[in-house]
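Each remark here refers to the structure printed beneath this line.
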Amino acid sequence: MIELSDLIVERDHARILDRIDLRFGQGGLTAMIGPNGAGKSTLLHAMAGLLPLAAGRVTVEGLDMPNARPRERARVVALMTQTDRVTARLNVEDLVSFGRWTHHGGRPGPDDRAAVDEALELFDLGPLRDRLLDTLSGGQRQRAFVAMAHAQGTPWMLLDEPLAALDPRYVRDLMERLHAISRPGPGQRSVVVVMHDLATAARYADRIVALKDGRLVTAGPAQLRLTGALLSDLFDTPLAVETVAGRRLVVPA
Amino acid sequence: MAERRRILFLLLGLAVLAALFMAWRLGAPYGYIIRIRGIRLGALIATGAAVGAATVLFQAVTRNRLLTPGIVGFDALFVFVQTGLVFALGATSVAGLPPMAKFLAEAAVMAAAATGLFGLLLRRGAEDLLRMVLTGVILGVFLRGLSGLAARMLEPSEYAVVQQASAASFGAVDPAQLAIAGIVLLPVLGIALRLAPALDAAALGRTGARAVGMDYDRLVLGTLLLVAALVAVSTALVGPVTFLGLIAASLAQAVLPAQRHAALIPAAALIGAAILVAGQFVFERVLGLQSTLAVIVEFVGGLLFLFLVLRRSRP
């Protein structure tokens with residue numbers, strides 16, 4: 001369970017997030033949507049406990065995130081950030097095994113290696129494991145960072161725009177996998193994804209969280225909340241949600 | 001493992017150079033000459049190792065392969081601390097301090113100032129290379145200016161004490177200083193090696209590293225303390241060398257297949273030591289030139305810096 005109560009985040013005296021009240025339980029795939037500058041990334045960082053709060057509380061699985069020790073925090077939430085850019089000469093396997101830091105502190109054991117192998121397998125990175133990151137395409141690198149977050153082994157995975165730089169095939173590929181791991185069963189993860197692709201959100205999300213100007217507009221089941229009225233209001237442009245052959249599509253109205 | 005073999009190879013290379021340095025045209029009185037050469041060899045190795053390791057550590061936390069502690073003003077800071085000490089206490093009382101206490105006091109002031117200045121800088125602008133370099137360069141100029149001003153206000157005899165500290169010289173080395181350097185250098189290198197896996201993961205940047213559960217700020221702070229101690233060692237021994245570290249770290253990166261600090265740190269330390277020993281051997285023994293090594297190392301290092309800056313087309 002993620003619980004945000006009366007959350008306020010400020011930067012340089014500007015209010016980035018304003019009194020966010022939000023709670024949702026484990027499981028499923030949550031799409032976080034909203035226009036540029038709505039505060040989506042900031043909210044994700046706040047959920048991961050990486051931002052100082054001006055007011056309010058953030059707890060994940062009962063852990064008080066902003067005040068938790070780094071190691072405890074990283075056992076509950078994995079965060080893939082948008083600015084993930086690595087300057088060092090690292091290969092894919094090294095990167096993914098950084099995700100295990102909170103478990104191994106620099107000296108990986110058999111459990112860590114197993115988790116790394118599983119993540120590499122799951123995101124189709126097996127053949128690329130020895131490749132240096134700077135020799136990969138943007139999409140491959142993106143998948144490596146998602147795999148790193150998966151290897152962390154946390155109940156919650158927060159991903160900030162993992163679909164950026166991916167072509168349609170990999171968008172579909174990645175979303176299918178994220179959708180699959182968020183289904184009930186052993187090793188289930190709760191996945192929260194910041195995305196701009198509304199059609200993809202409509203197709204895969206169980207739940208949406210919509211932000212605008214630092215405020216929570218709505219949160220709830222995607223089936224109910226993802227409507228033309230909401231999207232038109234959110235993005236200040238007329239949009240409609242149509243159902244064609246059982247699929248929900250977002251189209252200009 | 002390929003890495004281990006390459007490090008052993010570097011170690012072997014350094015041993016051969018050291019043997020050459022000691023044995024080349026050795027004449028009577030043997031005992032005296034061996035002692036003198038031994039002290040000098042020790043100083044060269046300690047300096048090269050300290051500068052090489054310090055640069056790799058600094059590059060890890062700044063996530064930048066162009067920077068050296070020297071470029072962003074660590075050395076200038078050390079000279080400033082030295083000058084300030086002479087200025088405040090007078091040359092006689094500074095010279096009269098027990099060397100170990102003096103060194104530790106200097107290193108402590110240096111560490112505090114360096115972590116204060118660069119810790120703040122790293123927190124706010126580590127992503128911005130240009131800002132880092134400019135701030136460092138300006139800071140260096142500022143500190144050198146202050147040192148120069150203080151030096152002008154000193155007695156000539158006091159100034160001589162300062163001058164010794166502010167220009168690189170591989171000539172006369174105080175055996176007491178060398179002993180202290182050794183005592184400081186070994187544990188610092190040991191700690192640096194223990195930090196190696198964390199330094200690898202520091203490549204994720206502050207947010208990424210914190211997201212996987214690292215205490216990133218503590219790592220940066222600890223690493224800066226180590227860098228300050230290493231720069232204090234090398235600068236106390238021979239004076240400031242700005243670009244040697246850049247050569248050592250770049251060669252270490254070229255020699256090793258991947259970027260693992262457990263290998264990079266020893267490799268850069270060995271290469272730094274080897275460059276100084278080889279350089280001093282060639283200039284002093286073979287060519288019979290005195291005090292040119294620092295100039296050449298700075299010249300070659302400066303060229304390398306320009307090359308690396310100009311080659312860097314991608315971010």
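Using N, Cα and C of the backbone, Cβ positions are placed for all residues, glycine too.
Remember, it's a predicted structure, so these values are computed and weren't measured experimentally.
What TrEMBL lists as transmembrane segment is B:39-58, B:70-91, B:103-122, B:129-151, B:176-196, B:216-233, B:263-283, B:289-310.
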Requested in this report: Answer yes if the transmembrane segment (B:263-283) and the transmembrane segment (B:39-58) have at least three CB pairs under 8 Å among residue pairs 6 or more apart in sequence, and no otherwise.
Outcome: yes
Query raised in the report: the transmembrane segment (B:39-58) vs the transmembrane segment (B:216-233): three or more C-beta pairs under 8 Å (separation of 6 or more)?
Result: yes
Requested in this report: Please work out whether the transmembrane segment (B:103-122) lies in contact with the transmembrane segment (B:216-233), by counting C-beta pairs under 8 angstroms that are 6 or more apart in sequence and asking whether there are at least 3.
Outcome: yes
Report summary line: Quick tally over B:70-91, B:176-196, B:289-310 of CB pairs under 8 Å to the transmembrane segment (B:129-151) gives the top stretch as B:70-91
Query raised in the report: Considering pairs 6 or more residues apart, do the transmembrane segment (B:216-233) and the transmembrane segment (B:289-310) have at least three CB pairs under 8 Å?
Result: no
Query raised in the report: Any residues 6+ beyond the ends of the transmembrane segment (B:176-196) with a Cβ under 8 Å from its own?
Result: 39, 42-43, 46, 49-50, 53, 57, 99-100, 103, 107, 219, 222-223, 226, 229-230, 232-233, 236-237, 260-262, 264-266, 269
